[in-house]
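*Asks:* One structure follows; several queries about it will come next.
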Amino acid sequence: MDAKARNCLLQHREALEKDIKTSYIMDHMISNGVLSVIEEEKVKSQATQYQRAAALIKMILNKDNCAYISFYNALLHEGYKDLAALLQSGLPLVSSSSGKDTDGGITSFVRTVLCEGGVPQRPVIFVTRKKLVHAIQQKLWKLNGEPGWVTIYGMAGCGKSVLAAEAVRDHSLLEGCFSGGVHWVSIGKQDKSGLLMKLQNLCMRLDQEESFSQRLPLNIEEAKDRLRVLMLRKHPRSLLILDDVWDPWVLKAFDNQCQILLTTRDKSVTDSVMGPKHVVPVESGLGREKGLEILSLFVNMKKEDLPAEAHSIIKECKGSPLVVSLIGALLRDFPNRWAYYLRQLQNKQFKRIRKSSSYDYEALDEAMSISVEMLREDIKDYYTDLSILQKDVKVPTKVLCVLWDLETEEVEDILQEFVNKSLLFCNRNGKSFCYYLHDLQVDFLTEKNRSQLQDLHRKMVTQFQRYYQPHTLSPDQEDCMYWYNFLAYHMASANMHKELCALMFSLDWIKAKTELVGPAHLIHEFVAYRHILDEKDCAVCENFQEFLSLNGHLLGRQPFPNIVQLGLCEPETSEVYRQAKLQAKQEGDTGRLYLEWINKKTIKNLSRLVVRPHTDAVYHACFSQDGQRIASCGADKTLQVFKAETGEKLLDIKAHEDEVLCCAFSSDDSYIATCSADKKVKIWDSATGKLVHTYDEHSEQVNCCHFTNKSNHLLLATGSNDFFLKLWDLNQKECRNTMFGHTNSVNHCRFSPDDELLASCSADGTLRLWDVRSANERKSINVKRFFLSSEDPPEDVEVIVKCCSWSADGDKIIVAAKNKVLLFDIHTSGLLAEIHTGHHSTIQYCDFSPYDHLAVIALSQYCVELWNIDSRLKVADCRGHLSWVHGVMFSPDGSSFLTASDDQTIRVWETKKVCKNSAIVLKQEIDVVFQENETMVLAVDNIRGLQLIAGKTGQIDYLPEAQVSCCCLSPHLEYVAFGDEDGAIKIIELPNNRVFSSGVGHKKAVRHIQFTADGKTLISSSEDSVIQVWNWQTGDYVFLQAHQETVKDFRLLQDSRLLSWSFDGTVKVWNVITGRIERDFTCHQGTVLSCAISSDATKFSSTSADKTAKIWSFDLLSPLHELKGHNGCVRCSAFSLDGILLATGDDNGEIRIWNVSDGQLLHSCAPISVEEGTATHGGWVTDVCFSPDSKTLVSAGGYLKWWNVATGDSSQTFYTNGTNLKKIHVSPDFRTYVTVDNLGILYILQVLE
């Protein structure tokens, strides 16, 4: 019955007892079904009318709302209108078994039952936790009137009591399962006398009529019996709720076949009792949204209006209901103390977060401390040892076995006690267990045991050293990942500086750790412990950090590269090089192949960090506003977020259904926007990676997105192929403004520094400026006109304006289109400066430095350039990417800039350290002569001059000539020959540099040139399909003309013969003296890409774009064998010296080794693909060469690889800085190798002795 109805009945009880006659009234109530015949007899048995009336009213008080309404109607019907009027104000609005009132859907029946049972009311500030409440109710339904236990357990302050009360605040549950009522008993930590008092009070509550006994039970056993009888006879189908049970022995007093719901921190308390048991674990946190909701209710603000500190408070306490409520209550009194309470929480000052409340403890540390104090004395120290664990780290059992020097089973038993008492959490992973502490428990332990922490960390390290050697940890060990991630942390925290330096400066440790977890965490440790490592040796620390940062894109790939070989590429002064060389020599004794890069002194690495977060092209990357993070997106449809200093991955989000084209941080760094070819724009929470909004109003792919620069009112601008710009307000679900005006795709947009204007670039050849407030066009600048010549009709010229960037003062803007960067004054639209980057590349992207006059420009030929806009001079040339650079961006302070490329990497460069524009870069046209003690290289540089380089000494002689297209050295280094783009051929005599010119040149660019063995004759081929034989000493010429298309290449044979092959699919054998064809082989339907000649000159091989290779005899016009099976163009081939084997390489990165005699395939050498869709061998295999003993094969592709011919396995890989190697020159003894990559870097490699 409602409390209001009951009060009304009690208030007018005396008047009713005096006046009413019960017999007729009871007839009405029996007919209504609210009074039984037996109850009528009880009333009638009373002696007087007054006693009969008193007995009826007592019965009605024990009934529900229906009885009250029936009694009221009976009074009216029997003429007691005055008495009925007294009861009218107490009439319930609804009956007990139907309908709900307005208070959260709780019926008056529920409210009455809970009030009578002593169930606590909802807290003043309350948020629902529907999932957990439903889980508890499901377990209660399972009791179904039968005896049993439902246990709600969790750590201190997680809201167990509130959840228990909320679970029984349900009409159908009470009516269906617990019609006898609910009885709440607060237990807490009790001794026997305290428990007896609780039981006495409960028995008295349940037997208010004292029908079973006139006195209270004298001991626990008697109380247990009394309780059993009361529950069975007077309160069947009722629920007993025991709140905050600590000890198993307490429950034995209630183990008398009741239905019991209990809350506890120790889930093992029910182990001591009988009957069915159900368990509901309570997560320690509310979740971000629920936590914010509680704070907003306490301070009476909207969730979205809460300050940033509110989010940090929730994050810091992991949504602990107790902490959020304590802080909320304090903020209600002191609304300006957000920062103060956040600081106390961060500093673990729990004593200062104190507030009186309905909870038993005024501060979190009190609530947690009592749990620890209740542990057995013999395991308290073990719990103290957990003080050194880090937040959110799951620790395998084996780690604690090492720490405590105990067997696994013993450790699991100890830890299970902590888990049972909600002092520790456990994750089961297959057969093994991992344990972790809640953040607040970590904070509590850290604060409580602060004076012991250093010793505890030292104990951890010492125990590790007893069990393991750092680099011998095996990946199949349960605890190996923990030690790799946290051993350095324990050493640093233990003040064990010597041990930390020895660990971090060990190439063995670097190798073992990077192979398992990649380089980012190690870089983070070098940054974090730099102050300690620098004490030992600042230079060594820098050596290792630079090694990891610049090789990160390799160290994160599979198969894992040989770290010793990578270390050998470091400068000779580096500690990494010293250790690598030592290891290489030790392993070399066992036959392991290692290579020394002997000319590496001339190479400077300019990048500060190289990361490879994507598995496909990276289209865009950007810094966060604080410069600490980088977001990137690309063709793999993902958004990646990582630390700008170390490359540590923070978020990996499958963002869109198609390529992600652009991403941007909001000005407060709270959000990241992405836009995609799937036509959608998405907003993500930058901390959690949670999707916040999806906008899909563009009708074509969305190319760009950019947030306003100020955070007071966040707007996002997007541009699309649908020709429109759109402005989005993150507080709205739909587009705020659409801007019309462009007549072609919008490629790029940027807000001005003051957010007043929005600049947009389009394929229509214009830059437009828009007023952000009105969304009206303010100005249009026709960029296209700066690319028109007088004879070109404007409609025939397409100028795509790629991007734009504002100057820091907002008065100027740079625009990139084709191969020019233009600087405009936004007030006058006048052109202030023009930068021309050259004819051979297009500008992909540009960015203006925030603090000086530098602009960084990304070019299509893999290069990035820094220009001074004022002086219009190039300041730096940054090479390192292996493919198109799609995006560049300065950091907010301008000290560094990033570049994003098609090669799947992002590089971070320090602005001040990038090299000045003085480096001369080599082209891939080289010739090599190997001498006994020297390797001489003739190379063409980017100025098209010639360089003669002594490999070992590094001495360079410059032979400047313009437009050199190919070159060669005579066998004895007496002469240099070269051809140019115009078809001319010249010879330079060394060392006097006298020049001889061919009187008859080629009509087109010379592509190949070669001296005969005696150096007297020079043979050349060109794009004009003619081979020229020039005896330059006599001036005689022979022209070999028969090929129908360009000659691909040629080789000299014995007896004045020459083998040539062509795009026309033929191979021809010539007599170079007479110029006649001796043999004409029609080899392939496609282009003949290469030929190789056996050492006995009886056979040759041909490879083709038709994916086949063939073996031929010079005596037969039909092939001996056709070699099929390659899935790409077969680009190269080589015979072994003994003529038994032939190796072929294709465009898929596969090398095949064949038996020459029968054409059978012996081995397929295909490196494991790094990522799905990535070419093996880093690209096309362009050259192969056997060792003299035919046991080893070297191949060139994206990098160099050495193979064991007998097994087909890779024996070494040398990763060049660049890629797309065209050829490898190998010394006769197979110990020196020379090549040039596409960055123009020369590699002279020698087998390490």
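Glycine is treated like the rest: Cβ placed from N, Cα and C.
Pasting the feature list from Swiss-Prot:
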BINDING   Gly154, Met155, Ala156, Gly157, Cys158, Gly159, Lys160, Ser161, Arg265  ATP binding site
DOMAIN    1-90  domain 'CARD'
DOMAIN    106-415  domain 'NB-ARC'
REGION    910-921  region 'Interpropeller linker'
REPEAT    613-652  repeat 'WD 1-1'
REPEAT    655-694  repeat 'WD 1-2'
REPEAT    697-738  repeat 'WD 1-3'
REPEAT    796-837  repeat 'WD 1-5'
REPEAT    838-877  repeat 'WD 1-6'
REPEAT    880-910  repeat 'WD 1-7'
REPEAT    959-998  repeat 'WD 2-2'
REPEAT    1042-1080  repeat 'WD 2-4'
REPEAT    1083-1122  repeat 'WD 2-5'
REPEAT    1125-1164  repeat 'WD 2-6'
REPEAT    1176-1213  repeat 'WD 2-7'
REPEAT    1214-1249  repeat 'WD 2-8'
*Asks:* Hey, what's the Cβ neighbour count for Gly154 (ATP binding site) at 10 Å?
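*Replies:* I count 23 other Cβ atoms within 10 Å of it.
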*Asks:* Could you measure the widest C-alpha to C-alpha distance across Gly154, Met155, Ala156, Gly157, Cys158, Gly159, Lys160, Ser161, Arg265, the residues recorded as binding ATP, and give it to a whole number of angstrom?
*Replies:* 12
*Asks:* Fewest neighbouring Cβ atoms within 10 Å: which of the binding-site residues Lys160, Arg265?
*Replies:* Arg265
*Asks:* Would you kindly list the residues that approach the repeat 'WD 2-7' (1176-1213) from elsewhere in its chain, counting only those six or more residues past its ends and only Cβ-Cβ distances under 8 Å?
*Replies:* 561-562, 565, 592-595, 882, 1128-1129, 1131-1138, 1140-1141, 1143-1151, 1153, 1162-1170, 1219-1224, 1226, 1228-1230, 1233, 1235, 1243, 1245
*Asks:* Before we move on, state whether the repeat 'WD 2-8' (1214-1249) and the repeat 'WD 2-5' (1083-1122) share at least 3 Cβ pairs under 8 Å, counting only pairs 6 or more apart in sequence.
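*Replies:* By the criterion, they do not touch.
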*Asks:* Hey, which bits of the same chain come close to the repeat 'WD 2-6' (1125-1164), Cβ under 8 Å, at least six residues off its ends?
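*Replies:* Beyond its ends, the repeat 'WD 2-6' (1125-1164) has Cβ neighbours at 1086, 1089-1096, 1098-1099, 1101-1105, 1107-1109, 1111, 1175-1186, 1188-1190, 1193, 1195, 1197-1198, 1203, 1205, 1207-1208.
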*Asks:* Looking only at Cβ atoms, how many others are within 10 Å of the one on Cys158 (ATP binding site)?
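*Replies:* Total other Cβ atoms inside 10 Å, all chains included: 27.
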*Asks:* Take the repeat 'WD 1-7' (880-910) and count its residues per DSSP category (helix H/G/I, strand E/B, coil), listing them in that order.
*Replies:* 0 helix, 17 strand, 14 coil
*Asks:* Give me the count of other Cβ atoms within 10 A of the Cβ belonging to Ala156 (ATP binding site).
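*Replies:* Total other Cβ atoms inside 10 Å, all chains included: 26.
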*Asks:* Can you tell me the mean pLDDT for the repeat 'WD 2-2' (959-998)?
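*Replies:* Mean pLDDT, the repeat 'WD 2-2' (959-998): 88.
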